[in-house]
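Heads up, the thing below is written out as structure tokens.
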């Protein structure tokens, strides 16, 4: 039912996770139909923006009926690739790595966590949600043997590029990077950075420009 | 030297943390001058985009000289409000809360962490980097007494809105939210959400649309 994904602009794609989140909430509340106007109030987008965005995936909205929540949700899942299973590992098993490992939601959307890695002897041998923590020296062999798709980097900044190089060398397709540095990888490797400080600095901007601060 | 911040578009503002990160890296390498072209190669923005962006803060670029890295860095810090000290607390002291508490970098940029809060008796009484973990029941009194500016929510999703309501009631100015839910707060309260799954889902989209996957 979806048109070719290639025609959907990246700006629209970047809004899809938010639609996905709100549609999931509606389904959890057993709401099966919604108008663009109601979605607009919930999500803070204009109704016309919503109609334009959702128009990209074919004709889910019907006059006088609105959107079929479940159909729309499944379609967005498909577009986002959430119906596929990905094999992931976490490198860096400190608090952040463990926090990510404990997000059972990720597992539910197809991100299968196979192992964590660390250099700290106190962490090696531990299990986080039944997933073992291995010595970082075993990383490359593990990835090659288990055909890992995604490497999640939760190490301190100074080790991140070296880990990224190792991941690239072993043929990982994508890197989800939490280290506060922009990693250099070849063009065929997909990279998504989570720069927590970027978000905090925007909050700081808004706060310091507030009238009454 | 900066023009009135109010005239800078939010799109430009959202790019400033990235400039800030790269300029910091240059300073760490003792690079004090840079051309828009060199910055362009480093950051992946076009040189003309960089000139346009930086033009918003006055005349730092000089023909044949380029940008004064330190001056530009300090100006961006000022615009982002990073020369101010903010008083923060973390609610939810599990792995994620502890990971945030351990980012000493935030402290360096003026985000002073006064306390963490939790409901778990095993965590209450602990210290993370010398910062105490208190019982969540003490949250409201603490915030009022210590004039906290920013509440950082690291609780599971189901508690986040209730915590946000408490923060709003006690007069916190801003909320940095890591719970995977869009919180409802009055308009005068600033909110920045970090939706980790949004980033992961974009990575999933890119991966599933890759030619050779």
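We number each residue from 1, going along the chain as drawn.
Yeah, the Cβs are placed from backbone N, Cα and C, and that goes for glycine too.
According to TrEMBL, the protein has these features:
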DNA_BIND  B:18-57  DNA-binding region
DOMAIN    B:81-182  domain 'CoA-binding'
BINDING   B:92, B:93, B:94, B:95, B:96, B:97  NAD(+) binding site
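Annotated features taken from TrEMBL, shown on the structure.
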residue : record              : CB count, 10 Å
B:92    : NAD(+) binding site : 26
B:93    : NAD(+) binding site : 27
B:94    : NAD(+) binding site : 18
B:95    : NAD(+) binding site : 20
B:96    : NAD(+) binding site : 26
B:97    : NAD(+) binding site : 25
When you scan the chain for residues with a C-beta under 8 Å from the DNA-binding region (B:18-57), skipping those not six or more beyond its ends, what do you find? 1-3, 7-8, 12, 65-70, 72-73, 75-77, 79-80, 82
Per DSSP, what is the helix/strand/coil residue tally across the DNA-binding region (B:18-57)? 28 helix, 2 strand, 10 coil
Predicted model, mean pLDDT over the domain 'CoA-binding' (B:81-182): 95
Quick check: in three-state DSSP terms, what is residue B:97 (NAD(+) binding site)? helix
